[in-house]
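Enquirer: Take a look at this one; I'll ask things after.
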């Protein structure tokens, strides 16, 4: 097992009296797809927001490439090379694909925006991800299908030579063919050596592309296992009950001492 | 995102790479088809405004033979000036999906300051103008901060400013009074003309400059295999611009005095170069700078802009600052046209005219769509209505009815085309 690219150790997070995350350990390895699964309220979103730098941690370490780092906001996280593709697609409908991919980080030359460089790089990135379904990179995003939008959002994350990409429910609103496109793309990202985190409710998707599965149950890590070692029903048990056979949390956390 | 359902068709994958990215080698036919598709999808751009302008010209020209005289056309340019400049400012707040109801009276207040500086303090024209624009900028800063930091709807903030700012000229001038506005240079913007030779030189420079830029852009994009317009379309655009610019110059360079034997009035009114300079400047800002791109992003999806690291608050505040500063220039042009500033300046129809002009020109009331050019085209339409009706000696109630109707029509076109856009996904 290689060194993890990104690792969180013993993370605790409370909102007032509600203890949302209990000593959570989470690791992302290069070249692997790590699936983060859990029921609603298990703490997935909180964990993602802590990784994204939107929330701080109460306790615990944030370790990137083996070194402890302090992150104070989304910008710090982006500077490390961690990109988050949100479920509700942070794209502007009125801008085209190139404009969206470079939004907030536009290239400029002496005369203003450097459209030539931006379009060339956007094309290269899309081509390197084998994206073939986009008619023109100067198409407005409003005219794209859900899968194509998701593709653009992912390509936007890759454009910046990021090392870790978090995908929040990337296939939630997609049809069969579009889910296929996006899952293929997720696999290709990992094959490029990126650490990919897939947050999903769809066990089919998870078992298909994930290398590792981290299951959260009521704010605790129920299991962190290679995907090939578990079955569909075992994951469902981990999500719903926190344990499955010898996997999972030993005793019911509702009654355990905290 | 109302369109991305599972039913949206997935284009069949091409054999490799960007093989089906056929926009690079588009022909004129492709461009024409594209344009028609955009129109059907609800992306009308300035087309309604241009059709409206043609319609108004035909109607007024057939009802009154003085309408098409060069004398009246020059008048139209001067009358449109202040509407266009105000509309250009309004475009910026509409772009981010906000509204500024106070822009008209902000212009009136700024014009009052300019007039006071000229009269009471003997400032030169440019210092007084700067002071006026600074007043506008401060007003915009206040409005923008209230909207961006406190989150008060811009409609309410600017309504409050619309009421409060009317106090400024009233206090400074006194009710019933007025300030004369007869500075050589500033009054000259409306009553003097660019020397004919200089006008021709400027017109030719604009055409040559546009042609050179367009062709250079075509060459650098096509050389790198990037998306570009077909050469034919570039040539057509240059030709259209040349016809418009040189045609108007020729028209306005002829002697248009009512009694040509007694004296000569010829040349482009000074208002026109002011408007053109502002048009070029803001077009550059909107299309070629990061700030311009961020304005569109904030108008399109403010949350996406925020996640992309854009300082949304700063962009919002800047939009209001630009709007009110442009309003100051507009107030100056209006004062230059009438030759005086009175307590009611800017409190009348000015703002609604300007909003109407921006929307008729193709700027969306819903944010994210608009150009500086929209203000020019729309402003000409709006200015044509009172100009033409004035020649017909119609009662002024008709003027109000027609302008209100046109504004409603423009807003309907905007709303309908927005619906079509979201269903067609263009």
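Including glycine, each Cβ sits where the backbone N, Cα and C put it.
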Enquirer: Quick one: sort out which of B:297-314, B:351-368 is the transmembrane segment according to TrEMBL.
Expert: B:351-368
Enquirer: For the annotation transmembrane segment in TrEMBL, which listed range does it cover: B:76-96, B:97-117?
Expert: B:76-96
Enquirer: For the transmembrane segment (B:76-96), name the stretch out of B:125-148, B:155-174, B:194-218, B:351-368, B:375-392 with the most CB-CB pairs under 8 Å.
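Expert: Stretch with the highest Cβ contact count: B:351-368.
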Enquirer: Name the range, of those listed as B:47-64, B:317-339, B:375-392, that has the largest tally of Cβ pairs under 8 Å with the transmembrane segment (B:125-148).
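Expert: Maximum Cβ contact count belongs to B:317-339.
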Enquirer: Which sequence-distant residues neighbour the transmembrane segment (B:375-392)? Criterion: at least 6 residues beyond either end, Cβ under 8 Å.
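Expert: Apart from its flanks, the transmembrane segment (B:375-392) reaches 46, 49-50, 52-53, 56-57, 59-60, 63-64, 66-67, 72, 75-76, 79-80, 83-85, 87-88, 90-91, 275, 279, 353-354, 356-363, 398-399, 402-403, 406, 410.
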